[in-house]
Amino acid sequence: MEQSRDGNLAQVRHVVLVLSGKGGVGKSTITTELALALRHAGKKVGILDVDLCGPSIPRMLSVGRPEVHQCDSGWVPVYTDPQKSLALMSIGFLMEDPDEAVVWRGPKKTALIGQFVSDVAWGELDVLLVDTPPGTSDEHLAVLENLKKHRVDGAVLVTTPQAVSTGDVRREITFCKRTGLQILGIVENMSGFVCPHCSECSNIFSKGGGEELAELTGSVFLGSVPLDPRLSASLEEGKDFTQLFPDSATFSAISSISQTLLKSLETD
């Protein structure tokens, strides 16, 4: 059985975890937009959505609740495009009722995550992005332990500019260091608000928390993504923001982050 588990990730070139110290910072948004930007750059990408409490990526990519099929080597991911350049496997696909809360104790969650991480037949991918639950719980350890049987390139940490969020990401940085997980960089999300009428960016929260945190901890600052109503609307409607608004400052920010990440992965 171990052989086939290794085999499922054997053709995946890079594995990147997307982490956040707290909920509500837009981790799934960043995961989705990074995947779309990487696909836009001609890469074959996969998303493994392991967020038990809120698997929102299927909605963001407009795939609904498809029936998941199995092949000899495990679950077959759902492809979001005819070219099969973006593959998705979400824990939400395996829930009987999407409106039910997951009221499980740790061992049951850990067992499901272990099986879920190992048993998806990805085939050939340039990058696999893993959207994890917020925090530093036993679910994270289950994801890490199972992925490390293959190889994990590292983690992208998502924060918002406020001190309360960057404080939580500090704990995430400690988690990465203790578990030997390389930090590929920090993304500051909700960094200012882009006016839909004049495109001016106003700092409604604060600014620079992510950059300052990266400097303090010796991590790479990948970039800032503003709050953009067009991005929110695209995610709500399951549309590809990178195709709809290629000239926007928000697309430019996401594209720059994805290129910096890709360069870092390919030079490792």
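A Cβ is built for glycine as well, from the same backbone N, Cα and C atoms used for every other residue.
Using a 10 Å Cβ-Cβ cutoff, Lys27 (ATP binding site) registers 27 neighbours. Among the features that TrEMBL reports, ATP binding site is placed at Gly21, Lys22, Gly23, Gly24, Val25, Gly26, Lys27, Ser28.
Residues or ranges marked as [4Fe-4S] cluster binding site by TrEMBL: Cys195, Cys198.
Neighbour counts of Cβ atoms within 10 Å were taken for the binding-site residues Gly23, Gly24, Gly26; the minimum is at Gly24. If you draw a 10 Å sphere around the CB of Val25 (ATP binding site), it holds 23 other CB atoms from the protein chains shown. Ser28 (ATP binding site) counts 23 other C-beta atoms within 10 Å of its own C-beta, drawing on all protein chains shown.
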